[in-house]
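S.K.: Okay, handing you the structure first.
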Amino acid sequence: MAEVSAGALVPSVKTEGKLATAGDDSTSALAAEMTAEGGGGGLAAEMTVAVEHDKDFLCPICMQVIKDAFLTACGHSFCYMCIVTHLQNKNDCPCCGHSLTSSQIFPNFLLNQLLKKTSARQMAKSASPVEHLRLSLQQQGFEVSLKEIDSLMSLLAEKKRKMEQEEAEMNMQILLDFLHCLRKQKLEELNEIQTDLQYIKEDINTVERHRIELYRARERYSVKLRMLLDDPMVAKLRASPIDKHNSGIISSARTAHGGACSGNFQQKKIDVKAQGSSQGLQRKDAFSGSDLQNSYTQSGLAVARKRRVHAQFNDLQECYLQKRRQGANQLHKQEERDLNGIHREGYHAGLEDFQSVLTTFTKYSRLRVIAELRHGDLFHTANIVSSIEFDRDDELFATAGVSKRIKVFEFSTVVNEPNEVHCPVVEMATRSKLSCLSWNKYTKNHIASSDYDGIVTVWDVTTRQSVMEYEEHEKRAWSVDFSRTEPSMLVSGSDDCKVKVWCTKQEASVLNIDMKANICCVKYNPGSSFHVAVGSADHHIHYYDLRNISTPVHIFSGHRKAVSYVKFLSPKELASASTDSTLRLWDVKENCPVRTFRGHTNEKNFVGLTVNNEYIACGSETNEVFVYHKAISKPAAWHRFGSSNLEDADEDMGSYFISAVCWKSDSPTMLTANSQGTIKVLVLAA
């Protein structure tokens, strides 16, 4: 695939299965299998003895139990068909090699009888009592009286009735157990529903009360506003600019006409006063009209937001009940210390959290493009942007990728100047393709990069020179990240299955973690300089405390393929992306999964992941950007990149993919880039 459409593939772990080979001794294998399946050692031993005994009855040619035994002149027994077939080709005994012809073989009546008895004995051992009875009745010479048959039939009928009763009792017991379990389950569900209904009832009363308070407050403000509009002083202040404007018009008219008659002037003055009065009324009407228009706009927004609620009703319902139950549990714990179970403004526990989720989720429904630029240049046809990051103050952003260059742009210039091509304010050339960037959140001009040669570099953007270069990784380094709490520390992960911790004050790594699979991503916890999350090709996230690297604090399992990105929303919330086309949210404090997000497509490429306090965004191999609210598992908004070239428009779906995304801090604005080298500034909109 061409370089413009194929990015770096996420590493994966391949396991080789071992094929089990069967042993030569099939009988021993069968005995061992029966022992393992619970047949018992006695049965296996009995089979072994029977097998050893049967060896005497095996035909030396076919190695099966002899059928229709024939004896040779030299004293060996064979199956008739086996020995006849042998003598058609050779004239010797298969056992001893003595000369032998077809006239020197004779039926072995004794052996045939022994074989029949042995076969009957083995059948008797394996036969059931019913089979024994049937065989006995079928034997010739076996006589039984009618009385004995009647007695036997009565015994069988009684046995049948007893078995039917026992089976009926067993079926009733199973049915009764099922009904008890079902009743218990439904009672638990009923209790849960009743509790939820009680929560909903309390919250409806609270919200209704609060809504009435807001309505009354709005009415008070409306009355005050009308009083101010009717105040003569306010009217005079509002009319004075109009009078000045009108007097200017009159003076201009007088000068232009070279002195009009006083009668006409008085008439004009009266007309102007009337015009000023009418303008005052028009302004008042316009004010009322703007209120009406504003109410219509707000009504339209309310309808749109209600539609979003109904579209994601099930997820929102789950979110509400989860937060409400958690809030109630926390309330019970706090009641021992504080009898006040009501939150700010009369809100019960959990309701305020859900209102925040509902407000932020329904606030936005789409992504709007506010700026766009091309990352490529004339000298580099490879345009894939592997990483895009804002600096500490969100004034600059840096891009890096397969073009072997770090480009730094001024964000305000890109947004405010509508040019498709923007020149970077800083450009630094590297020796290899770049995989990741990380700005230092304390030293504004420092940025770290990782590349395909395994080199981790710290750059000074001001001087355009490298400050430190670390070359300990033996293979491609996929990820690098500066610590937010300890600005001199950074961590990196590589295809050599090693996580390395570096210090900008030292030339060698200060810590090394050996793992069993490729490292795809690393990230410091923003609230700690000791805790690091590591995403691996083994489908797991390993959460380490750097003070004890012998074993992870916790291993988060759930992804079905390699973990390509890990990002922290907060010191306790971790988001991860995988090539199984899912995002997952984890609680690193409780060490448990929170939610799984689905909607985008990601099966082989690095498509980017970025987070803020409320939203998670990622790319897709369908050339789209997806935004998820952290409390809802389905996308809240998405945007498809389009090609400016009409010939390429049909190829966007299969050829290009989103390769990097980054939120602007505490903002609905996001930087996005795709494998075609197009960078867009997107903003969440209603």
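Each Cβ is built from the backbone N, Cα and C atoms, and glycine gets one as well.
Here the structure is a predicted model, which means the values were calculated and not measured.
Found this in TrEMBL, in case it helps:
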type	residues	note
COILED	146-176	coiled coil
DOMAIN	59-96	domain 'RING-type'
REPEAT	427-469	repeat 'WD'
REPEAT	470-502	repeat 'WD'
REPEAT	556-596	repeat 'WD'
S.K.: Under an 8 Å Cβ to Cβ limit, what residues of the same chain, 6 or more beyond the ends of the domain 'RING-type' (59-96), are close to it?
M.R.: 102, 104-108, 111-112, 115
S.K.: Count the residues of the repeat 'WD' (470-502) that DSSP assigns to helix (H, G, I), to strand (E, B) and to coil, and report the three numbers in that order.
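M.R.: Once the DSSP states are binned, the repeat 'WD' (470-502) shows 0 helix, 18 strand, 15 coil.
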S.K.: I'd like to know the mean pLDDT over the repeat 'WD' (556-596).
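M.R.: Averaging the confidence scores along the repeat 'WD' (556-596) gives 95.
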S.K.: Within the domain 'RING-type' (59-96), how many residues are helix, strand or coil going by DSSP?
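M.R.: The composition, in the requested order, is 10 helix, 9 strand, 19 coil.
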